[in-house]
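**Student:** Pasting a structure here, questions to come.
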């Protein structure tokens, strides 16, 4: 099922949570709504679900106006951050709950539950209670329950936010595989850039109730549409108030954005390098973070592979020379 959002706005009192959002979500895609707290991503998800009604605009499902349809009429599955499982029911009973409400024949319920237990890799755990499961297993039960009624759209509101880092990473890979198997249109909310980049086909970056950019993970990272997107998607250095001479001879102030991995460090001057001094070296395991201070006092962060770091023999307080491998500039900057 494709989703079309046309000029949708939603306010709560004087606070405008969603501002004139236009968005197309292709049928069968896996889309991340990504942004900081207060960006409007969860409100937009609830508008798609029918849990909130927009003040203005329309929401279309497969081309049909569903703006004021109920959740039941939309046939949407919704999974919250905190599982919301029935504690007094077994895993099997939790998954079957929606099917029983719809009075599906018992034989079909049993077959569907068995199919879903296998799909979410919980075969053999159907008779356990939620308290006997790990956090990751509980979230998989919640996903199975949402999928049981064969929804046309699956909505996930920060589904892994309450889990520890290792489990989150495992479930991200699992969710991607699950989506490839079931092909249901899926929209999930996250503030975790890595999670969005790893899982989604398309990322919708939101800020202050508006959509900043829509694109594939590669497009969002390599071609950010605004300073906000550049700053929010991964670590970035900002060199402020650099002056560039324009063709007509006037000057313009630009901020230069540099990814830490795009800073080249040399131990000797080489071409258009700039002098800097190493302030601190942090070993991250898979790479080395080098904190630098320019002669004018501005601070930068560079990431080096372990191999390159070992080649350079860098130490704190050492003078080095840096240059960008790639940089982006924007005429105006606003913070996240």
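Every residue, even glycine, has its Cβ placed from backbone N, Cα and C.
Features from Swiss-Prot:
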- 3-233: domain 'ABC transporter' (DOMAIN)
- 35, 36, 37, 38, 39, 40, 41, 42: ATP binding site (BINDING)
**Student:** If you take the centroid of the Cβ atoms of 35, 36, 37, 38, 39, 40, 41, 42, the listed ATP site, which other residues of that chain have their Cβ within 8 Å of it?
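**Tutor:** Here the nearby residues are 191, 206, 207.
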**Student:** Within the chain of residue 37 (ATP binding site), which residues six or more apart in sequence place their C-beta under 8 angstroms from its C-beta?
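**Tutor:** Spatial neighbours, sequence-distant, of residue 37 (ATP binding site): 191.
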**Student:** Pick out which of the binding-site residues 35, 36, 38, 40 has the most other Cβ atoms within 10 Å of its own Cβ.
**Tutor:** 35
**Student:** What are the sequence-distant neighbours of residue 41 (ATP binding site), meaning same chain, six or more residues apart, C-beta distance under 8 angstroms?
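**Tutor:** Non-local contacts for residue 41 (ATP binding site): 33, 34, 35, 189, 191, 204, 206.
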**Student:** What average pLDDT does the predicted model assign to the domain 'ABC transporter' (3-233)?
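**Tutor:** A mean pLDDT of 91 is what the predicted model shows over the domain 'ABC transporter' (3-233).
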**Student:** Restricting to the same chain and to sequence separations of six or more, state which residues have a Cβ under 8 Å from that of residue 39 (ATP binding site).
**Tutor:** 206, 207, 208, 209
**Student:** DSSP secondary structure for residue 35 (ATP binding site), reduced to helix/strand/coil, please.
**Tutor:** coil
**Student:** Determine the Cβ neighbour count for residue 42 (ATP binding site): the number of other Cβ atoms within 10 Å of its Cβ.
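**Tutor:** Result for residue 42 (ATP binding site): 20 neighbouring Cβ atoms inside 10 Å.
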